[in-house]
Amino acid sequence: MAFLKYALPALAAAQAVLAANCGKTDETITISSQSDADGYSSCSTIKGTIEIDEHLSGAITFNNVKQIDGTLSCTGGANISSIAAPMLNSIADTFKLDGLTTLTTLSFPSLTSVGSIQWTALPQLQSLDFTKGVNEAGDVTITNTGLANLNGISLNTVGKFDITENTQLKSININNLKNATGLINFAGNLNSLEVELPNLSSGTNMTFRNVSAVSVPSLHNLTGQLGFWGDTFKSFSAPNLTETGDLVFNSNSKLTNISMPALETVNGGFLITRNDELSSIDLPSLKVVTGAVDFSGKFDEVSMPKLENVKGQFNLQSTGNFSCDTFDKAHNDKVIRGTYKCKAAEPNPTTKDGSSGTTTSSGSSASASKSNAADLNAANLPALGFAAVFGALVQYVL
């Protein structure tokens, strides 16, 4: 009995010390050396935020740790070459790396769940050692890295997915991704980037800039914008897409085919402009556009046989010799309710705001391209939709 009298309090005290050594909620733990990291090797779970000191040099490994109940971050660690955590399976908050300019290895073979990913300025990081793959994350932002692919990012759902300025990035295939609750954005990556989202069925906003291929065969509906600027793919197909917000195809130099056979509703503006190789626009199921229809270019055919309601402006101009008869009738029958213009065989086709509708137009409409792009303002938003106007302005700035 006497032994128990003293042993039990001692054991409790030892447990308290061990718990304290594994961090506390809202505490920041600074790791300045491998010995600092080894001090937590007896911890299955570390509580609080782990910050890797920017002055640390070489490799750092977190052995035996399975869970971080906070953030794992490093900012400005210019001499850190490797970060590893062989057994870590979850980071509850943010996995943040910024300015690790010599980092070549990121080894987290057991990691499957992250609160969010924020990686910026990791130019020497060419691949990920994420064997199991991260299948759960809130927002993912990856900017200015040397990654050639995103193998190891195997998300089922995501909030924002923002992939920009990764100039070595050749391919992205997020096979398991089914839903996105925030913006999906690709911009400024390698011009030959191919994006495959084979099982994505729903989302909010999706924007693609300077990509060579986009595959979204399962996409069914978007609540926000779907936009393409300056891409180099020849064909875009969304066979199951029925509804989206603003829809934009702007300055895609090689685009010859747009296939959206199931599209019925555009909740916003619908802009097709400056796609000089596009000769035909066929939208067999389109019924409703709540914003403006604004098509300009070099196309010879335009077909929207089921069109029932265009609430905004209708501008259709092309160098091609198509017929306006169907759309004249739709305007007279009040199917098209806004300001109406349809012009075939127009040498200098323009958008509804006067910007050039082709990349080779000359004369007044060509010079109008810059001035009118610069004049986009809130007065234009109700007809075309905010996101489409914003996208057009961004493309002009770029």
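Any Cβ shown, glycine's included, is placed from N, Cα and C.
Noted in Swiss-Prot for the protein shown:
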SIGNAL    1-19  signal peptide
CARBOHYD  N79  N-linked glycosylation site
CARBOHYD  N179  N-linked glycosylation site
CARBOHYD  N199  N-linked glycosylation site
CARBOHYD  N205  N-linked glycosylation site
CARBOHYD  N210  N-linked glycosylation site
CARBOHYD  N221  N-linked glycosylation site
CARBOHYD  N240  N-linked glycosylation site
CARBOHYD  N257  N-linked glycosylation site
CARBOHYD  N321  N-linked glycosylation site
REGION    344-369  region 'Disordered'
COMPBIAS  349-369  compositional bias 'Low complexity'
LIPID     N372  GPI-like-anchor amidated asparagine
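Applying an 8 A CB threshold to same-chain residues 6+ apart, the list for N79 (N-linked glycosylation site) reads H55, L56, S57, G58, T102. Put simply, of the glycosylation sites N179, N199, N257, the one whose Cα is nearest the Cα of N205 (N-linked glycosylation site) is N179. Taking the glycosylation sites N199, N205 in turn and counting surrounding C-beta atoms within 10 angstroms, the largest count is reached at N205.
Here the glycosylation sites are N240, N321, and the one ringed by the most other CB atoms within 10 angstroms is N240. Around N257 (N-linked glycosylation site), taking its Cβ as the centre, 15 other Cβ atoms fall within 10 Å, counting all chains. Within its own chain, N179 (N-linked glycosylation site) has T157, V158, L200, S201, S202, G203 as residues 6 or more apart in sequence whose C-beta sits under 8 angstroms from its own. Taking N199, N210, N221, N257 as the glycosylation sites under consideration, the smallest Cα distance to N240 (N-linked glycosylation site) is found for N221. A straight line from the CA of N257 (N-linked glycosylation site) to the CA of N210 (N-linked glycosylation site) spans 17 Å. Counting in whole angstrom, N321 (N-linked glycosylation site) lies 30 from N210 (N-linked glycosylation site) by their C-alpha atoms. Listed in sequence order, F186, A187, G188, N189, N191, L193, W229, G230, D231, T232 are the same-chain residues six or more apart from N210 (N-linked glycosylation site) with CB atoms under 8 A from its CB. Residue density at N221 (N-linked glycosylation site): 15 other Cβ atoms are found within 10 A of its Cβ, drawing on all protein chains shown. N199 (N-linked glycosylation site) sits 13 Å from N221 (N-linked glycosylation site), counting Cα to Cα.
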